[in-house]
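Q: So Swiss-Prot lists the following for this protein:
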- C50: active site, nucleophile (ACT_SITE)
- T49, C50, N51, R52, S109, E114, T115, Q116, Q120: substrate binding site (BINDING)
- G189, A190, G191, E192, M193, S194: NADP(+) binding site (BINDING)
- H99: site 'Important for activity' (SITE)
Amino acid sequence: MHFIAISINHRTADVALREQVTFRDDALRIAHEDLYETKSILENVILSTCNRTEVYAVVDQIHTGRYYIQRFLARAFGFEVDDIKAMSEVKVGDEAVEHLLRVTSGLDSIVLGETQILGQIRDAFFLAQSTGTTGTIFNHLFKQAITFAKRAHNETDIADNAVSVSYAAVELAKKVFGKLKSKQAIIIGAGEMSELSLLNLLGSGITDITVVNRTIENAMKLAAKHQVKYDELSSLPNLLESADIVISSTSAQSYIITNEMIERIAENRKQDSLVLIDIAVPRDIEPGISAITNIFNYDVDDLKGLVDANLRERQLAAATISEQIPTEIHAHNEWISMLGVVPVIRALREKAMAIQAETMDSIDRKLPGLSERERKIISKHTKSIINQMLKDPIKQAKELSSDKKSNEKLELFQNIFDIEAECPHEQAKQQKESKVKEISARRIFSFE
């Protein structure tokens, strides 16, 4: 069995392509089932977000499995197989494990160290598990990856430093006010950066937010989407008299907030602080306003300095997390190597205990007068003899797990003790056959 990961992400495909290869939430369960029923696939998890669509699979053969996954994606999104090959990257074995660990911990995200992907991986795994497309390997591996990512974030604080301009804008406001929950905010503009700033303000606890824009319809649309207030741009001077935070991001060719405007409203504001954050280029807010008492004016260069410093902190944290990944891969490989040994040890124990049970039956027939206490003593000691006899063979079997010729030697081990253990590959195939029948039955029932 082999682990393979096929990924379409922000490095391999531009946004125009990624938009075309995203599974809708309501289609993911069926997609899991369709892929699972495909030849060569023994286990699978599908991850689909705005920045990546990935298939993780346990396959019986690498080349066959890779082809059928690529064909599945091509059919799902209306592409040719060669198109999918061109827009994706393929990881196999240890590289696939490393990829999963990096994705889950946010090291492979557009925003380094972001935590949203951890929840998305967890949801994808839980969906696959509930659908029935995971088995022994993925049930262990994905739990390991999720645990690793949680620990990495807790130990390094990689997600604690803002690395987007809109998020950094809110962080600057926090430096002035501390908690923002009771503050009033104005968003000038209704584009993408304005919406991101609005979302970050909402995330900080602020609820009193007003969107203003030259085109009132756009302000109305953005405000309705996030359930905040809106107003005309001409109302800005009046709004500034009671505002605490202003974030401006428009494409205006002249200043929207001028020195004269701020000087006029400053008289009515008494000594209340006002934070003006200009993330527009060209600038929306006239330079020099910071000279007015209790007025804090920041532009994109101020934000860039904060973002750059925070990014360096995240990169240091990412390096620390990356150093831990080889240990996780080794732990996974150790666990995998034991999969072939466990059934052999189980078969050996079962045979030994069957011999002990036969021996006790023989003793019962030949010594029918034994008391229950005497019988328990004999049973206990015969089991003890068996455990002592099995101690060294079991130890040897475990050591075979790390041997390059473990399969051959485990087969010899079984021949010596005249036992027969089912290999993990056969178990996985039988498990798949059973689950495919369940999926088919579920679909028939759903159709009826």
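Note that Cβ sites are derived from N, Cα and C of the backbone, with glycine treated the same way.
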Q: Quick one: what's DSSP say for T115 (substrate binding site), helix, strand or coil?
A: coil
Q: Across all chains shown, how many C-beta atoms besides its own are within 10 angstroms of the C-beta of T49 (substrate binding site)?
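A: Around T49 (substrate binding site), other Cβ atoms within 10 Å: 18.
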Q: Long-range neighbours only, meaning 6 or more apart in sequence with Cβ under 8 Å: which ones does T115 (substrate binding site) have?
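A: Residues satisfying the criterion: G106, H153, A159.
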Q: For S194 (NADP(+) binding site) and N51 (substrate binding site), what Cα-Cα distance in Å is obtained after rounding to a whole number?
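A: Just about 21 Å between their Cα atoms.
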Q: Rank the binding-site residues S109, S194 by the number of other Cβ atoms within 10 Å of each Cβ and report the first-ranked residue.
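A: Of S109, S194, the one with the most crowded Cβ is S194.
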Q: Please report how many Å separate the Cα atom of H99 (site 'Important for activity') from that of G191 (NADP(+) binding site), as a whole number.
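A: Spelling it out, the Cα of H99 (site 'Important for activity') and the Cα of G191 (NADP(+) binding site) are 34 Å apart.
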Q: Spatially, and counting Cα to Cα, which of the binding-site residues is closest to T49 (substrate binding site)? Options: G189, A190, G191, E192.
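A: Closest by Cα distance to T49 (substrate binding site) among the binding-site residues G189, A190, G191, E192: E192.
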Q: In the same chain, which residues outside the set G189, A190, G191, E192, M193, S194 have their CB within 8 A of the centroid of the CB atoms that define the NADP(+) site?
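A: Counting only non-site residues, the set is I187, E195, L196, S197, L222, S249, T250.
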Q: Between any two of T49, C50, N51, R52, S109, E114, T115, Q116, Q120, the residues recorded as binding substrate, what is the biggest Cα to Cα distance in Å?
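A: Taking every pair among T49, C50, N51, R52, S109, E114, T115, Q116, Q120, the longest Cα gap is 15 Å.
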Q: Compute the centroid of the Cβ atoms of T49, C50, N51, R52, S109, E114, T115, Q116, Q120, then list the same-chain residues not in that set whose Cβ lies within 8 Å of it, in sequence order, for the substrate site.
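A: Apart from the listed residues, the neighbours are G106, I110, I117.
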Q: List the Cα distance (Å, whole number) between G189 (NADP(+) binding site) and S109 (substrate binding site).
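A: Checking the Cα atoms of G189 (NADP(+) binding site) and S109 (substrate binding site) gives a distance of 28 Å.
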Q: Check the DSSP secondary structure of Q120 (substrate binding site), expressed as helix, strand or coil.
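A: Assignment for Q120 (substrate binding site) reads helix.
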Q: Can you tell me the three-state DSSP label for H99 (site 'Important for activity')?
A: helix
Q: Pick out which of the recorded positions C50, A190 has the most other Cβ atoms within 10 Å of its own Cβ.
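A: Answer returned by the neighbour count: A190.
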